[in-house]
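Per TrEMBL, the feature domain 'Guanylate kinase-like' maps to B:7-184. TrEMBL lists B:Gly14, B:Pro15, B:Ser16, B:Gly17, B:Ala18, B:Gly19, B:Lys20, B:Gly21 with the feature ATP binding site.
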There are 2 protein chains.
Amino acid sequence: MVNETKGLLVVISGPSGAGKGTICKKLMEKNNFWLSVSATTRSPRAGEENAKSYYFLTRDEFEEKIKCNDFLEYAEVYGNLYGTPRSSVMEMIDNGKNVILEIDIQGALKVKEAFPEGVFIFILPPSMEELKNRIIGRGSETPESLMTRFKSAYKEINYVSKYNYAVVNDEVALAVEKIQGILVAEKCRVDRIKEDILDNKEGIVHEQFYD
Amino acid sequence: MVNETKGLLVVISGPSGAGKGTICKKLMEKNNFWLSVSATTRSPRAGEENAKSYYFLTRDEFEEKIKCNDFLEYAEVYGNLYGTPRSSVMEMIDNGKNVILEIDIQGALKVKEAFPEGVFIFILPPSMEELKNRIIGRGSETPESLMTRFKSAYKEINYVSKYNYAVVNDEVALAVEKIQGILVAEKCRVDRIKEDILDNKEGIVHEQFYD
């Protein structure tokens, strides 16, 4: 009676140090999740494969795709362009695959404008104290840059109100479980499946009683 | 960082024959679910206990509660009043318990007006064919009353658009699993927990950096 075969675009976002990467890695180990592959104009590094690590494009190719509106979002970082290709994401969703997009907050907000029917999940650190510990744990930070990163993460948490869900990453397995629950719920949301229910109902009853 | 301790009001509704009762019974076997006890003016039957089967009230007591706005919904059926007491539901929710309310569509829509922050779940039969089989399976139906019930169920499915979620009851265990996923998701919904996140964040950071 209900068509639940279309996939979801699941956007995993949040401040750096919240643990987005680890969560996405664990999600990928579950069935039916596909990581969105970004496009970039930067050169491939040793071991990087085209269409797996990135879609490697020339600047001309990339700019052509911008003109054709084929990016859900894109940004220039240190002179290189990075973007999320719309067509490859849409193809996977149409084939019933849930596409995971791990992305920073600015990128996520752009994706939300381009594709509001995505599921936008904000990953929160268990506490600001723990966030500080995680940023310190990564090393290679001077006290000044640590403070900058921390203050930036602090400000970024205000963007949680733009998201659909917030998941506290105190324990990775638990956070992943919550995200799986969110996807189950999203596939039952009336806003998503109303048309299917009402269309099918009509068909079945018509057949049985009015023909 | 996030207060997830408040319970949810989970309204399980849908056409007769969809299997609401079986699903609620299974949900009750899980932890942390409490069934809402209705109030009624009808006399207790053998074996029925006050505050367990129903809250048994006199008509005066019931009407006094209506005046005090202590019903999330109420209705008169064959000369007896039935209602969902607001105060006992709210008390359980405040104590972190998820309250299940199994109720027909008219009742659910009244509850939604009184308490829109509830989680409104519409239980669907796997097909209209299967719904017909289930109604026949209950016996004690003449062909005419079967057709009346069936046509009424058919019309009722249109109300799905007033609900938050629709769950197809093709397999009870699977439907229950979906409802559990919905509750996990609802507790992560930014609309519900935004205040807590932003309040707590402020507190923690203030303590660490600005005092």
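Cβ coordinates are placed from backbone N, Cα and C, and glycine is handled just like the others.
Under the DSSP three-state reduction, B:Gly21 (ATP binding site) is assigned to helix. Sequence-ordered, the extra residues of this chain that approach the ATP site, with Cβ no more than 8 Å from the Cβ center of B:Gly14, B:Pro15, B:Ser16, B:Gly17, B:Ala18, B:Gly19, B:Lys20, B:Gly21, are B:Ile123, B:Pro125, B:Asn169. Annotation note: B:Pro15 (ATP binding site) sits in a coil segment as assigned by DSSP. Neighbour density for B:Gly21 (ATP binding site): within 10 A of its CB lie 12 other CB atoms from the protein chains shown.
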